[in-house]
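Here the structure comes first, spelled out in C-alpha cells, and everything after it is commentary.
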Amino acid sequence: MTKLTITRPDDWHVHLRDGDVLTDTVRDTGRYMGRAIIMPNLVPPATNVDSALAYYERIKAVCTTNFEPLMVLYLTDNTTAEDIRAAKASGKVVAAKLYPAGATTNSDSGVTDVKNIYPVLEAMQEVGMLFLVHGEVTDSSIDIFDREATFINNTLKQVVADFPSLKIVLEHITTKDAVDFVMGASDNVAATITAHHLLYNRNHMLAGGIRPHFYCLPILKRNTHQQALLAAAASGSKKFFLGTDSAPHAKDRKEAACGCAGSYTAHAAIELYAEAFESVGALDKLEAFASFNGPDFYGLPRNTDSITLVKRSWEVPATYPLGDTGVVPIRAGETIDWQVED
C-alpha cells in the first residue's frame, strides 16, 4: 500500500505546555489532529474550571486550523464534587485526570491516595465525566519497570469495582499486564497507546548508549510488552485508541545529568503510528484506532473530513522550535516512511 486515506484523527492525550511554546506545540498537534485531550499538568496545574477555560483560550488564541482542544481538570486531594459539576457544565472540560503525586512531570500537586477523591469520582460517575489515569505507583521501593502493573493490582482494580459506571481511560499503557486488564474489564474501561511505545522498547533507550529522548514515563518496557501493545492496537478492539503523550522538553533539559521524562512525537504522530501498524500488517486497522475508537468512547461525534498518508520517506529535522529553545523529536535526523499529504 502506498496511499491511505483515513478520517481525520484525534489525539486523546497530549502535552502542549504553556506560555511562549504554545505557538509551536499547537502548530504541530493541530496540523492534522481534529481534537486533542490537553493535559493539565501546568505550573500551576489547571485544577478548576476557571484555570482550564483560561488555558483553553490561550490555546485557541494561537490556533491556525480548526483544531479543538478538549480540556481536563487536574485532580488534587482538595478537588470537590462541585468542581466537577462546574467543569461539566462548562461544555469545554470533558475529563479529570489522576496524577499520583510525584509520578511524572509536574505531578507534585497530585493525589496522595485515591481514596481521598472517592467523593469526586462519585460526582464524575453521576455527571458522566471521564476519569483519566496515569497508572503508576510512586513508592520508591517498587522497581520502575513494575510500577504500572503494581498500580493496576493495588489501586485500579478496586476503583473499577467501586465505580462500575465511571468511564475510565488508563493512559499511555506500556505492559501486557495493562492490555490484559483493559481487555478483561467492562466496556467502561479503555486505554490510550503512544506511538513510541509501539515502535520502541527499553533496548532502544539503553543498549549501546543511553538515548535520553526515549526516556519517558511510564518508561519503555521489554520487547514482549511492546509486542503485546502492538497486538492490542492492531486487534480491532474498540478499547484502544490513539494518545501520543507527546511531551516536549527543551533539548538541554533532556540531554542532562538528570534529564526530564517525555518524548516528542507531535511533529509526525500519525506517520509514526502508520509505521507501527504497517510493521504488523495492520494498516487497515489504523483508522479505527486513530479516528473512531476515541470519539466513540468519549461519546463525541467522529470527525467528518479526512487526511491522506502517502508512502514517502522524509528526514526528520534535528530539532523543532520550542519557544526560544528547541525540542529534539523522536526520529531526529532519521527517516520516517509515511508522510501526510498537504
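Here the Cβ of each residue, glycine as well, is placed from N, Cα and C on the backbone.
DSSP classifies ASP245 (Zn(2+) 1 binding site) as coil under the three-state reduction. The annotation Zn(2+) 1 binding site is assigned in Swiss-Prot to HIS13, HIS15, LYS97, ASP245.
The number of other CB atoms found within 10 A of the CB of HIS249 (substrate binding site), across every protein chain shown, is 25. Summarising the annotation, Swiss-Prot assigns substrate binding site to HIS15, LEU16, ARG17, ASN41, HIS134, LEU217, HIS249, ALA261 and lists sequence analysis as the type of evidence.
Here Swiss-Prot flags LYS97, HIS134, HIS172 as Zn(2+) 2 binding site. Taking the Cβ of HIS134 (substrate binding site) as centre and 10 Å as the limit, one finds 25 other Cβ atoms among all the protein chains shown.
Residues or ranges marked as N6-carboxylysine in Swiss-Prot: LYS97. Over all protein chains present, the Cβ of LYS97 (Zn(2+) 1 binding site) has 25 other Cβ atoms lying within 10 Å.
As annotated by Swiss-Prot, active site applies to ASP245, with the evidence given as sequence analysis. The Cβ of ASP245 (Zn(2+) 1 binding site) lies under 8 Å from the Cβ of HIS13, VAL14, HIS15, GLU171, HIS172, THR192, THR194, HIS196, CYS216, GLY262, SER263, THR265, each on the same chain and at least six residues away in sequence.
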(message) Which one is it: of the binding-site residues LEU16, LEU217, ALA261, which Cβ has the fewest other Cβ atoms within 10 Å in this structure?
(response) ALA261
(message) Can you give me the same-chain residues 6 or more apart in sequence from ARG17 (substrate binding site) with a CB-CB distance under 8 Å?
(response) THR25, LEU42, PRO248
(message) Rounded to a whole angstrom, what is the C-alpha distance between LEU16 (substrate binding site) and LYS97 (Zn(2+) 1 binding site)?
(response) 16
(request) Could you list the residues of the same chain, at least six apart in sequence, whose Cβ is under 8 A from the Cβ of ASN41 (substrate binding site)? (result) HIS15, TYR74, LYS97, TYR99, THR104, THR105, ASN106, SER107
(request) Compute the centroid of the Cβ atoms of LYS97, HIS134, HIS172, then list the same-chain residues not in that set whose Cβ lies within 8 Å of it, in sequence order, for the Zn(2+) 2 site. (result) HIS13, MET39, LEU98, TYR99, THR104, LEU132, VAL133, GLY135, GLU171, ASP245
(request) Tell me whether ALA261 (substrate binding site) sits in a helix, a strand or coil according to DSSP. (result) coil
(request) Starting from the Cβ centroid of HIS13, HIS15, LYS97, ASP245, which together make up the recorded Zn(2+) 1 site, report each further residue of the same chain whose Cβ lies within 8 Å of that point, ordered by sequence. (result) VAL14, ILE37, MET39, ASN41, LEU132, HIS134, GLU171, HIS172, GLY243, ALA247
